[in-house]
Amino acid sequence: MTFDVRRFDIYRKVPKDLTQPTYTGAFISICCCVFMLFLFLSELTGFIATEIVNELYVDDPDKDSGGKIEVSLNISLPNLHCDLVGLDIQDEMGRHEVGHIDNSMKVPLNNGYGCRFEGEFTINKVPGNFHVSTHSATAQPQNPDMTHIIHKLAFGEKLQVKHVQGAFNALGGANRLQSNALASHDYILKIVPTVYEDLSGKQRFSYQYTVANKEYVAYSHTGRIIPAIWFRYDLSPITVKYTERRQPIYRFITTICAIIGGTFTVAGIIDSCIFTASEAWKKIQIGKMS
């Protein structure tokens, strides 16, 4: 007695002479293939594309920074001479620097009557402020004009990610040219640490920030008006993390199998119902004729 392994075949084949092609079956088959192709391409697009997942947690993500944050500032003062413009930095750790000049540049505007200040510097991760003023000038002007345009104010590493719409340069484009020329400007910033992790696991550290501002006229103890542009900052304990993720390959394969099997099954049920109804209708018509 020989053992025939074919008895375990659960996909038994039906001879072609026992099958009957129909126009309805052909139409359903074509629709079925088009539908499966559409679903396959949709799933393939979703599998190739990356998904950005965000989460919040309490921690200092960039512990290797030495407690420092890089700042990039670009501001134009069209009515204040470059010799008068300076950057001062102070914080709660005791730092008090007047006339910061490292990694900074002053570009004359309006035939020398105005100035564009560009600078990169670091601040400590404690509450503090930095401000653009005439405090470092050798001789204080009589009526300094602090009307300005902020082109850029950013903290940390620059992030250019298509699907992340964050407030990394919230003050970019701020225009105060129509303000009172002798007024001081207070920009109150809440800095939010931000981490971006790509598919390879590499992390980049940046900072978003929210801003509120007020405008006022400040007088010194001598009664003179000494305006300035203040950026007062504090750090949020909440960190925002963006993580790139891609659908696992096993999930993609499972979905494709479900699409093919489900479509074929549903199409077979529909074709069977239509064929059975058609045959029953034919028998009814034959019975009426007889």
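Cβ from N, Cα, C; glycine included.
Note that this is a predicted model, so its numbers are computed, not measured.
Residues or ranges marked as domain 'Endoplasmic reticulum vesicle transporter N-terminal' by TrEMBL: 5-97. The domain 'Endoplasmic reticulum vesicle transporter C-terminal' feature in TrEMBL is assigned to 110-271. The annotation transmembrane segment is assigned in TrEMBL to 20-41, 249-270.
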DSSP-derived helix, strand and coil totals, residue by residue, for the domain 'Endoplasmic reticulum vesicle transporter N-terminal' (5-97): 39 helix, 26 strand, 28 coil
Is the transmembrane segment (249-270) packed against any residues at least 6 beyond its ends, judged by a Cβ distance under 8 Å, and which are they? 28-29, 31-32, 35-36, 39-40, 43-44, 47
Intrachain neighbours beyond the transmembrane segment (20-41), with Cβ under 8 angstroms and 6 or more residues off its ends: 256, 259-260, 263-264, 267, 270-271, 274-275, 278
